[in-house]
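TrEMBL annotations:
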- 76-95: transmembrane segment (TRANSMEM)
- 102-119: transmembrane segment (TRANSMEM)
- 125-146: transmembrane segment (TRANSMEM)
- 158-177: transmembrane segment (TRANSMEM)
- 197-215: transmembrane segment (TRANSMEM)
- 235-257: transmembrane segment (TRANSMEM)
- 269-288: transmembrane segment (TRANSMEM)
- 300-318: transmembrane segment (TRANSMEM)
- 324-344: transmembrane segment (TRANSMEM)
- 356-378: transmembrane segment (TRANSMEM)
- 390-412: transmembrane segment (TRANSMEM)
Amino acid sequence: MAPLNAKDIEKLTPPSFASTQVAAVSEEPPKASPPPFPEGGLQGWLTLIGSYTNAFGVYQDFYIREYLNHFTPEKIGWIGGIQLFLVFSMGLMTGPLFDRGYFVLLHALALFTLSVTQANQYYQIILSQGVCFGLASGLTYVPTLTVVSHYFQRRRPLAMGVVAAGSALGAVLHPIMLNKLFNNPRIGFHIGVRISAALNVFLLIIACLITRTRLPPQKDKRPPPIGSFFRDTPYAIFILGMVLVFFGLFFPIFYIQIDSITHNVDRELSFYALSILNAASIFGRTVPSLFAPKLGVFNLFLFFTLGSGIILLCMIALKDAVGVVLLSVFYGFFSGAGTITLIRSIGSFARSLDELGARIGVVFAFCGKATYCIPITGALLGSQLHWTRAILFAGITLIASIVILLIPRYILGRRRNTQKV
């Protein structure tokens, strides 16, 4: 098949690790025609309810300064590293399960996140927050994003924009809530985590009750030939570049709060640093879509990834409140834009709609392994918090990824005979 052109890619389903074909499979020939997209409706809009929060930076700060202060940042980094690894790596499993009709079951299995409330020791936090919460997030992440495509085609960009904005909004509010709870002497860590877990469970129950798939399960669908993807040279090189991207991408998200506090920035403002970063990402996840048709989504991805690396290196000069705010705003915008354009950039390699989800899943499975670099940056920080060497490692790897990613960008441009890749 011929590669998809830019117009086709615009119509591809947004963030999804699984192929979500809209054709219902009939058991008897001829195959049934795909049912028309409702473009919303009550059930369709209800699928937009729900968001994911990114608040581990609050935990990282609290663990280093208070709860696990007798452990090194390297060991504490394993908690978040394992969590992110499971979130990104489970797409290859949850995607096919979603296609086969197990959407509600995946959400129900995620309800065991309350186990984190009983953690008192390091190994318990590793198991509960690293493993259990990572598994729970991985079980719900892919299906929740994918199910929206069942209800929207013409309005799909709007629907996914709502989902992306909701995710970022949750990531703004959740860190504020956690900071207020953890630093309240009448509430503290354990009760604060229970409140947070109860809120997450409440939202998951709502998702289980009101979110439904529309299309019949595709249980007879043959899996795409994943092995052949690696014979696609630009795609294989792209995966290598993305591993380097993930080496540095999460450093500010995990460490911006503790970095601010250790540099004697106003404590109250430091508690809001992560929320400011996530608030800026709301605009980063929506604004670039306006320019993608004219500039090319892959080109935008390279630009925002390079910008993220340069801004990350600026953390070395972080010394006051103005610096914290500026860095949080710019990194939030650029990293948010990079995340959205990344998904659509992977679609540039798809030769048919059937393999789109699998290609996304393979990329993120490798990227998930790269999140193990979080303990590496923790080791570079050390117990004395040597920020310069850790920031240089994260920033340089992020910028170095551009050198590798320019190769598949060049090949795709030659294939399509256009610079708007």
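Using the three backbone atoms N, Cα and C, a Cβ is placed for every residue, glycine included.
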Sequence-remote partners of the transmembrane segment (235-257) [C-beta within less than 8 Å, at least six residues beyond its ends]: 54, 56-58, 60-61, 77, 80, 84, 175, 229, 270-271, 273-274, 277, 305, 308-309, 312, 315, 324, 327-328, 331, 335, 338, 342, 345-346, 349, 359, 362-363, 366-367, 369-371, 373-374, 377, 381, 390-391, 393-398, 400-402, 404-405, 407-408
Count the CB pairs under 8 A between the transmembrane segment (300-318) and each of 269-288, 324-344, 356-378, 390-412, then give me the winner. 390-412
Same-chain residues at least 6 beyond the ends of the transmembrane segment (324-344) whose Cβ lies under 8 Å from its Cβ atoms: 9, 12, 14-15, 164, 168, 242, 245, 249, 252-253, 256, 260, 265, 269-270, 273-274, 276-289, 292, 297-298, 300-301, 304-305, 307-308, 311-312, 314-315, 318, 360
